[in-house]
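Undergrad: Just passing along the structure, written as structure tokens.
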Amino acid sequence: MQKPLAIFLMGPTASGKTDLAIALRQQIPVEVISVDSALIYKGMDIGTAKPSKAELELTPHRLIDILDPSESYSVMNFREDALREMADITAQGKIPLLVGGTMLYYKALLDGLSPLPSADPDIRAEIEAKAEQIGWAGLHQELVNIDPISAKRINPNDSQRINRALEVFYISGKTMTELTAQQGEAIPYEIMQFAIVPQERAVLHQRIEQRFHKMINLGFEQEVRRLYQRGDLNVDLPSIRCVGYRQMWEYLEGQTSLDEAIFKGICATRQLAKRQITWLRGWTSEIEWLDSLDPENSYKKMIEKVQQKHLKLW
């Protein structure tokens, strides 16, 4: 039995994924699912470059605005939600089009989840108590000794990921690296994968800087200030650690000037884009590459490739 078709449209931030997805929906019977760990949060619209109200009316996106910023969301949560939405779209006779830049989410969909143990509140409390004694940098050094590969990927200030990596080891006796190497259940779809990336990195850097300044003009500082004034959010939450938000939060706490926060936000966004491109360059599955500097040809190429694969869909 032939698997149903699904399409991945991947790419770094500011590469033009949303515009391309909107254009595709006018021509192909697709429904969009967001693959973005920042767009899930309500009230975080400007700094995440969330599609506008007009864009969402034209092309609705699923898995946008599903959580309050105080809530956490795991890769497992995403996989369950995405598979549910994909099944619903397929049942309507349409094609799921998954659009975004959170590469870990795509990997979880393709390969399934590795058998990581569930969280243990008691062990987490022990780790946090130890952090109060020696600091998260000290615990990061402990992780270096236990699981150097994971430690290399985790910032010494990233308390949540350090906690999780140590928790996994304390519960299972195996490192995060060992367990994530074990694949889970693969996705029950035939996947066409596209990646839209500018051929010149300097152009992407320029786009990122321009977009960040545009967000400032649209009221990004005020958006973060509203979150800050709630009183129940902090910089350790995944929502506030999103690029741009963390830097603006530091400004509101008086740690930096506004100009410095903007500069740091632009740098952090460029680093995110670099990581996303690195993920894509190392992707093991077959990818059709699109040039974001040539959106018209990218659009034509996607239409042509999908129609070639499934001529009888139209």
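Counting begins at 1 with the first residue displayed.
Glycine is no exception: its Cβ is also placed from the backbone N, Cα and C atoms.
Quick caveat, the model's predicted, so the values are computed rather than measured.
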Undergrad: With the ranges 25-29, 160-164, 295-299 to choose from, which does Swiss-Prot describe as region 'Interaction with substrate tRNA'?
TA: 160-164
Undergrad: Including all protein chains displayed, how many Cβ atoms other than that of A14 (ATP binding site) lie within 10 Å of its Cβ?
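TA: A count of 24.
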Undergrad: Cα distance, R124 (site 'Interaction with substrate tRNA') to A14 (ATP binding site), nearest Å?
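TA: Between the alpha carbons of A14 (ATP binding site) and R124 (site 'Interaction with substrate tRNA') there are 36 Å.
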Undergrad: In whole Å, how far is R124 (site 'Interaction with substrate tRNA') from G16 (ATP binding site) when you measure between their Cα atoms?
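TA: Distance (Cα to Cα, whole Å): 40 Å.
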Undergrad: State the non-local partners of the region 'Interaction with substrate tRNA' (160-164) in its own chain: residues 6+ outside its ends, Cβ under 8 Å from one of its Cβ atoms.
TA: 119, 124, 127-128, 131, 136, 139-140, 143, 154, 176, 236, 238
Undergrad: How big is the gap, in Å, between the Cα of S15 (ATP binding site) and that of T102 (site 'Interaction with substrate tRNA'), rounded to a whole number?
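TA: Approximately 13 Å lies between the Cα of S15 (ATP binding site) and that of T102 (site 'Interaction with substrate tRNA').
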Undergrad: Non-local Cβ contacts of G11 (ATP binding site) (under 8 Å, 6 or more apart, same chain)?
TA: K17, G101, A195, I196, V197, Q276, L280, L290, S292
